[in-house]
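Asker: I'd like to ask you about the structure that follows.
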Amino acid sequence: GDILDDYLRTDGVWILTRNKQFYKTNNEEECAEKCEAERNFNCRAFLFTRKILQCLTLAENAKMTVMFNSSDAVLYEKKIYLLQCKRGIGKDYRGMEAKTRRGIPCQKWAEKTPHNPNYTPEKHPNAGLDENYCRNPDGDESGPWCYTTDPATRFDYCNIPECEGQVMHTGEVGCIQCNGEDYHGEVSRTESGLECQRWDAQEPHMHGFTQKHFPEKDLKMNYCRNPDGELRPWCFTTSPTKRWEYCNIPRCSESDFLRSLHRCLSGKGEVYRGRIAITESGTACQHWNTQFPHRHGWKPDRYPCKGLEENYCRNPDGEKRPWCYTINSSVRWEYCAIPHCGGTELEIAGMSNVPVQVPLSEECYRGKGQSYRGTTSITVSGKKCQAWNSMFPHRHEKTPERFPNADLRENYCRNPDGDNSPWCFTTDPSTTWEYCNLKRCDDHTQE
């Protein structure tokens, strides 16, 4: 896998640290390799600055020191040092618990009083014997332990919770398909073991993802959800230094997924996988893996679970019913006529030969982006967008009522006021608004 998979990424932050090394690297991957190879200290994280391509390997992470904003920097923290739980016997546990199960403070691994240790940082440099944190350098079946500061007790075990128990400690875990946008399980911890913040709470992080503004997204309790089309379910965390993080939820097996697919129209047809490839007006559909005559962002390799095969009608974006781009250069897209499940004949609801512009998941914008109708909801610095019909955390006048033609739906990036490019208000109380993470389309038609 990618070397960066072992790190937790946070954009736009810097941390103060005493122990660090500077390197010149070309990218984040090379910087990660420097961190892995660091011999001056245990490298827990690294900072990479994109403008000057500078790499700083760090002995501390955000849990151990002060963090502040720095627009050009990206912080990568080793996940293993963020986990406060153990996997198996905890040989790779690198958390910061420093007392025994009876509450006695641990002796530092490098000290020789009150007990002369057999396991020291010099003898076992890869065992993570930092400070007086609980560790398992000898693979003890009972889990992490430490020498104690009580002269009468040489060593004792520590009370470290199981990671599996933390992830699956409440109710139904469930599994996810695709991006997990329809996940309704009860996992409530992030992939590094942090507890999720309740969606109806505004501490420690203020945000606009509430049941009121996203009524169809099942934002209840503090369960992991994906209300904004992220890569997978996530949540705001109860840690003041980590705003949000992905959750570790298993993927559904292929058999579970295939069982949910349909050959007829049910609901909006989002799981329709039939082979109709003609629009309701009789025009043939454009193949999803081509960009001619219409350029678009629905690429099959980017959305592997949306069934974008050949030129079959599909509904990848939650439209009223399945549709496709057409091979007619003057008609961008149209709905398809799909038979309803259980119907005795072809039932066609609301057929119309006049196509209406639909918000599609475009990856780019034209001009200033006033016609952009995609579903991107992330800013250039990685912040999540505030819903347009919300006044929290930022009060504003750019409402759907005041700008009825600007398609101010949910928290999608838009340009209602003729700015330079699509933008949005952010869910970060310290940043009112930002431009969105979108590129300008190539205006030349690809032939």
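Backbone N, Cα and C define each Cβ position, glycine as well.
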Asker: Mind checking which of Cys313, Cys364 has the disulfide with Cys336 in TrEMBL?
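Answerer: TrEMBL annotates a disulfide bond between Cys336 and Cys313.
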Asker: From the disulfide entries in TrEMBL, identify which of Cys385, Cys441 pairs with Cys424.
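Answerer: So the cysteine paired with Cys424 in TrEMBL is Cys385.
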Asker: Candidates are Cys264, Cys285, Cys364. Which one does TrEMBL pair with Cys324 through a disulfide bond?
Answerer: Cys285
Asker: Based on the record in TrEMBL, give the one of Cys196, Cys224, Cys264 in a disulfide bond with Cys247.
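Answerer: Out of the candidates Cys196, Cys224, Cys264, the one TrEMBL links to Cys247 is Cys224.
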Asker: Fewest other CB within 10 angstroms, which one of the disulfide-bonded residues Cys252, Cys364?
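Answerer: With the disulfide-bonded residues Cys252, Cys364, fewest surrounding Cβ atoms within 10 Å: Cys364.
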Asker: Tell me whether the domain 'Kringle' (363-441) sits in contact with the domain 'Kringle' (84-163), defined here as at least 3 Cβ pairs under 8 Å among residues 6 or more apart in sequence.
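Answerer: Answer no, regions not in contact.
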Asker: Counting distance between Cα atoms, which of the disulfide-bonded residues Cys175, Cys252, Cys336, Cys413, Cys441 is nearest Cys224 (disulfide bond)?
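Answerer: Answer for the nearest of the disulfide-bonded residues: Cys175.
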Asker: Reported as an integer number of Å, what is the Cα distance between Cys247 (disulfide bond) and Cys264 (disulfide bond)?
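Answerer: Cα-Cα distance, Cys247 (disulfide bond) to Cys264 (disulfide bond): 33 Å.
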Asker: Of Cys313, Cys336, Cys341, Cys424, which disulfide-bonded residues come within 10 Å of Cys324 (disulfide bond), going by C-alpha to C-alpha distance?
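Answerer: Within 10 Å of Cys324 (disulfide bond): Cys313, Cys336.
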